[in-house]
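A.B. asks: Per TrEMBL, the features are:
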type	residues	note
REGION	1-45	region 'Disordered'
COMPBIAS	9-45	compositional bias 'Basic and acidic residues'
DOMAIN	74-191	domain 'Water stress and hypersensitive response'
DOMAIN	200-317	domain 'Water stress and hypersensitive response'
REGION	305-339	region 'Disordered'
COMPBIAS	327-339	compositional bias 'Acidic residues'
Amino acid sequence: MASSAESSDIEKKEEEQKTVTERGLFSKDEKKEKKDKDEEKEEEKGGFIEKVKDFIHDIGEKLEEAIGFGKPTADVQGIHIPSIGLKKADIVLDVLITNPNPVPIPLVDIDYLVESEGRKLVSGLIPDAGTVHGRSSETVKIPFTLIYDDIKDTFDDIKPGSIIPYKIRVAFIADVPVFGRLTLPVEKNGEIPIPYKPDVDLDKVAFNKFSFEETSATLHLKLENKNDFDLGLNEFEYEIWLSDVSIGSAKIGQSTKLEKNGISYIKVPILFKPKDFGSALWEMIRGKATGYSMKGKLEVDTPFGPMQLPFNKEGGSTRLKKKKNEDDGDDGDDESDED
């Protein structure tokens, strides 16, 4: 009887196990089927997202076509030098930004770099650069300054009087509807001088009419242009001392071309009172060398714009000559002595 009962219990357990297995709680086939269904759901989900993306893209394109959205453009209009001298050059780059969209676009930042043959001269960032109105074009001005001392201190091979090439790289960063944040790059090549002040020497003083009360004379000046570009002299301003006595100052219009790396001569009329020189007057009359000093400035035109070039000459010496000797030789004769 016991054996029959044990056999009955075993059969019952097997039946229960079979029932559980048939229910699929431990079925491998059911697990695989569930996994396949999950993968199908993921694929359906992924496909739905892609469809949404495509839908949004299509809507964007249709909006662009219907409303007129488009990418803005940037074009360099020109470059000019408002101010240039011996110490620095102020440069402005004009860029035309065209906005084809019906709504304004803000210029978030303007990033610029000025380099010469791959070497950085100056760089900067202009934040919040304004807004370009809808369906319009506006000229954006990008100002920057080149400090010559900084350039010469950084690059030993850049010498005063030379002309160096440069390239300006500008990146306009704008927020544009539909497109988002865009970068509009532009470039401009050019040349900039490193100006050198001229040498101005008093070659000689030629008397026109001598009087102890007032003497008229002509100053023969030698101007040396040490730059690699021509200078068009428009105005000459000066003050001059002979034997530590000021004999006058003036500003005169003078149209003369100063050849690059060349020497030119100009004549400047002057009136002075010899009696102010005291005993030094007799030394001058006897033809002895006379010490002089000069300072002033030249206003010139250059290929890069107008410049004012100051000069200062100290410790020079010259001779006083009668007018009859003025035409005996060229202005470039060696009648002057320089200390």
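Keep in mind that glycine also has a Cβ here, set from the backbone N, Cα and C atoms.
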A.B. asks: Could you give the number of helix, strand and coil residues in the domain 'Water stress and hypersensitive response' (74-191) as assigned by DSSP?
C.D. replies: 7 helix, 84 strand, 27 coil
A.B. asks: Averaged over the whole of the domain 'Water stress and hypersensitive response' (74-191), what is the pLDDT?
C.D. replies: 93
A.B. asks: Pull the DSSP breakdown for the domain 'Water stress and hypersensitive response' (200-317) and write it out as helix, strand, coil residue counts.
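C.D. replies: Its residues fall into 10 helix, 84 strand, 24 coil.
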